[in-house]
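Peer 1: Here you go, one structure.
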Amino acid sequence: MKSSWSSLPHQLRVAGIAMLAAWATVLSWRVLTTGFAEVGFPLLFIGVVIAGGGALARWSRLPAAAIIAGQLVVGALLVLGTTTGSPFPTPGNVDDFRAALDAALASSRAYAAPVQAGVPPVYPLLLIGGALVIVLVDIVACTLRRAPVAGLVLLAAYTLPVAVTGEAVSWWLFSVVAGLFLTLVFLQHSDHVTSWGRAADGEKGSFSVRTGAIGNTALGLGAGAIALALVVPLSVPTMTMSVFDGNGPGTREVQVKDPMVDLRRDLSRGEDIDLLTVTTSGPRPTYFRLSVLARFNGSQWTPGDREIPDTQTATGPLPPLDGVALDVDRKEFKYDVRIGPDFESTWLPTTAQTTQIAAGADWRYDVNTRDFIAARDDVTTADRTYDFTGAQLTYDADSMNSAVSGAGTVAGIFTEIPPGLNNEIRRLAASVTADAPTRFQKAQLLQQWFREDGDFRYDQAQVESAGSGGADLLAFLRDKVGYCEQFAATMAIMARVLGIPSRVAVGFLEPEKSTNGAWVFSAHDLHAWPELYFPGSGWVRFEPTPQARAGEVPDYTTADFAPVTEAPSPSATQSSELLPERGASPSADAGSADEDTSSIPWVPLLAGILGLAVVALLLLTPRLVRAARRRRRLAGDIEDLWVELRDVARDLGHAWPVGRSPRRAGEWLGRLLAAPVTGGERADRPRRGRDQAPEAAAALDRLVRVLEHSRYSREPETYTAERFAGDAELVEAALAAGVTPREVRRAAWWPASVVGRRTSWRPRAARATQTQTPVDPETSRTVDELVG
């Protein structure tokens, strides 16, 4: 069977596909920064150099350790050259690169993805990460020939933008990466496929397998798998939210009414009816929340189906506030609520930060949304009284401005974007917030745009005709006339587009104070507003509805931050002085930014890549140890050369006959010799014997004679291994020609002489004697010296 793996065209083909797979995967990082072309094209050049050099090195049969070391060094020099303009590691260049890297790290901590122009770019980080991905894929898939394992590297790189922005990677890029990866796997295993089958005489390789049908089948399976991976998720319901999975006792599904539909109905009715009365010693209870709408399916916002255990009743303390750090200032107030007979709702009005409640076992709370749902369909709020304790938080705008992405810390339903969302909405979200460097400042700009800068107008007459679907939101953005539901729903979905977890809250805006000091909410107080998530502060309220409806906005949403005043050059002379400090005043030096929080998880990414490098090193260890032993023995004498020949036989899968003399061991080796193949044509299981490789047989006889003379002669002579290395190589080549290509590869990468597989045997008589008669230590020593 013809083996083409070692040919240069095949090496270049495989290395090129591996490089393109790695480079296409890194293209998914384009959402992390604007101007990704400054990274993408240099990485393509680096990939070509790494892949081409690696292919040439493997074709030249250089040691794997040398290839890996060379690729790492070349990759590092190319990254240095791309960043500083010179690939030479002079002290000045190294200092410039370090400064550029520090500035990039500072930008990744301070600014939301995509990092905009006008701040120190994160290009050095992306170049380092991209080059590592390309080198690791080449090492694992081409040098170590473990293409399936290379998929782990591609997967780690592919999921990075999803973890940072919460957005899925485009389908076409997934298709390209998956196709290249499957092609790489197919090429590596094609040798195994073509060697399937056995002739009637038991000799493998006496006939070949036509691979055309196999290749067509593999192509069909690969294309089908990619198509299913793209299509099936669209038809699988994945948006059902549950608190606990499983169907154990104490859990049942709670069907809920649609608060958004009820809001439209009650606002359009026109009749202002008193609905509930609140008594509290605290401040005026504004934004009294009924329900949280977490699911947007492209046509409407809904609460989603909830599975809530019976144990989560509205009777006592609640779990800690979600995402709120312990050092956030807070005050707690008690609220006594009395609901009138005209307000029938399956949602219980409370504040967003309720910490304790006494409403009875007929109500349950959802830990993800902290709203309260009737446990049965016949339970409503009409004529109900209850009390609860709520926390009033003092938010720190600087803390929210420096917060990392919350996309990976909340339930996935809060970041989901329907696949069919109109691109106009995405474009508007990006253009309106283009000047904002952080997620929090983007949220501020969205609120300001809806309330003032975007020339929107509040009109309650739009209630009956309005909706919150994709087409309705687009029409609202074009006409710029709507009411609270549309403002809240549109800002929430635009926040998700920007990578900020969001949801819509429905409840009551502001009450009127009665003569007895209590606060009264009426039907005209019904309102909707968005809540956005920032780690450390939790779910934070924003108010995009114009002043005609909502007169005031939260103070933290109008906080000012120090702007970036100049656009630094890509040179490493840029510094992090332009970056705002995390958790400090806007004028403070950003050099002391908290290094433990980063908007891009470079530390986990680099740790994962380092872990893969360690795994690759472990896989290389047996080969490296075996090569070191061989070098040491070739520098020794004839005894060392004989031990090397023994280990070669063991590595190729032969059971070395322990306890035999050199002559008997030589006779046994002679039966394993085969004619070495030149020109790439060889049988998978060739004929073996001394007559098949006469030159190797003669070389073996010379080695045996010299070894015997060295051991048994009255006047022994020291024979150096270097003198007979050529004979040993002839024998080794003939031994390798007598086994399958797979066994040759296993001997190279997983040598039995290193990893300890049992590949030796003793004659039965010898084993019987060994088990029955004690061996004298001196006799044993002498025999060990005389036998092979």
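Each Cβ is built from the backbone N, Cα and C atoms, and glycine gets one as well.
Whatever TrEMBL says is automated annotation, not expert-curated.
Quick paste of what TrEMBL says about this protein:
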type     : residues : note
COMPBIAS : 568-577  : compositional bias 'Polar residues'
COMPBIAS : 778-788  : compositional bias 'Basic and acidic residues'
DOMAIN   : 476-546  : domain 'Transglutaminase-like'
REGION   : 561-595  : region 'Disordered'
REGION   : 761-788  : region 'Disordered'
TRANSMEM : 12-33    : transmembrane segment
TRANSMEM : 39-57    : transmembrane segment
TRANSMEM : 64-83    : transmembrane segment
TRANSMEM : 122-140  : transmembrane segment
TRANSMEM : 147-164  : transmembrane segment
TRANSMEM : 170-187  : transmembrane segment
TRANSMEM : 207-232  : transmembrane segment
TRANSMEM : 602-625  : transmembrane segment
Peer 1: Six or more residues beyond either end and a Cβ under 8 Å away: which residues meet both conditions relative to the transmembrane segment (64-83)?
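Peer 2: Counting only partners 6 or more residues beyond its ends, the transmembrane segment (64-83) has Cβ contacts under 8 Å with 42, 45-46, 49-50, 53-54, 57-58, 89, 93-94, 96-97, 100, 123-124, 127-128, 131-132, 134-135, 138-139, 143-144, 570, 572, 616, 620, 623-624, 627.
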Peer 1: So, taking each listed stretch (39-57, 147-164, 170-187) in turn and counting its Cβ pairs to the transmembrane segment (122-140) that are under 8 angstroms, which one gives the highest count?
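Peer 2: The stretch I would name here is 39-57.
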Peer 1: What residues in the same chain, six or more past the boundaries of the transmembrane segment (147-164), come closer than 8 Å to it by Cβ-Cβ distance?
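Peer 2: Distant Cβ neighbours of the transmembrane segment (147-164) are 18, 21-22, 25-26, 28-29, 31-32, 113, 129, 133, 136-137, 140-141, 174, 177, 181, 184-185, 187-189, 405, 407-408, 499, 599-601, 605, 608-609, 612, 615.
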Peer 1: Taking helix as H, G and I and strand as E and B in DSSP, count the residues of the domain 'Transglutaminase-like' (476-546) in helix, strand and coil.
Peer 2: 21 helix, 30 strand, 20 coil
Peer 1: If we skip the immediate neighbours and take only residues 6+ beyond the ends of the transmembrane segment (39-57), which ones have a Cβ under 8 Å from one of its Cβ atoms?
Peer 2: 8, 11-12, 14-16, 18-20, 22-23, 26-27, 29-30, 33, 66-67, 70-71, 74-75, 78-79, 82, 123, 126-127, 130-131, 134-135, 138, 142-143
Peer 1: Within the domain 'Transglutaminase-like' (476-546), what mean pLDDT does the predicted structure show?
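Peer 2: Averaging the confidence scores along the domain 'Transglutaminase-like' (476-546) gives 92.
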